[in-house]
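Colleague: One structure, pasted below without further comment.
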Amino acid sequence: MSTTESQSYTADIPSERVVKTTDTIHVELTPHDLDSLAATRFVRSPSAGATVLFIGTTRDSFNNEPVSSLAYTSYTPLAISTLFKIATSILAKHSCTKIAIIHKLGECPIGEESIVIAVSAPHRQAAWRAGEETLEETKDRAEIWKLERFKGGEGVWRANRDGQKGVKVEGGKEGVEAKH
């Protein structure tokens, strides 16, 4: 369905990090720089024989189009709940020791970290599988969206999934108008 109405977007990004943590799970949405070392420290355990760390960064192109920056937004209360459910499921499914999922909100320039996933498990194969599955589940299920800005001013809103079609937008960082 398309419409000729213009829709303005003003990000409602929390000014501080939003966290849900237990002894074995840490999920976080934050407008601040991501701390992969803190995530690694969280998942460290004497019963873990392997720790896997994934750091996703903003690349400078998408489908051969030059990207100038990304901006992430979310429905934060639901996204935190979804991330926690993902972490709980992965922890049980792969018999992991601990897991951390940290996602950036707001502006994320080229080369900066947008997501950190750390997983520990008694054995390396479980940690590898859990780390990859955590990333895919987060991209597929978490209520997080990104505005991918291209050089030249045009941008695309899309779910936080690679290769999915988005909604074209024009404009700067404030008051972005979506074309439907």
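Keep in mind that glycine also has a Cβ here, set from the backbone N, Cα and C atoms.
Note that the structure is predicted; figures quoted are calculated from it, not measured.
Swiss-Prot lists these features:
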- His123, Arg124, Lys139, Lys146, Leu147, Glu148: substrate binding site (BINDING)
- 161-180: region 'Disordered' (REGION)
Colleague: Other Cβ atoms within 10 Å is the metric here; tell me which of the binding-site residues His123, Lys146 scores highest.
Modeller: Lys146
Colleague: Could you tell me which of these binding-site residues, Arg124, Lys139, has the greatest number of Cβ atoms within 10 Å of its own Cβ?
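Modeller: When each Cβ's neighbours within 10 Å are tallied, Lys139 leads.
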Colleague: Quiz question: given the binding-site residues Leu147, Glu148, which has the greatest number of C-beta atoms lying within 10 angstroms of its own C-beta?
Modeller: Leu147
Colleague: What does DSSP assign His123 (substrate binding site), in three states?
Modeller: coil
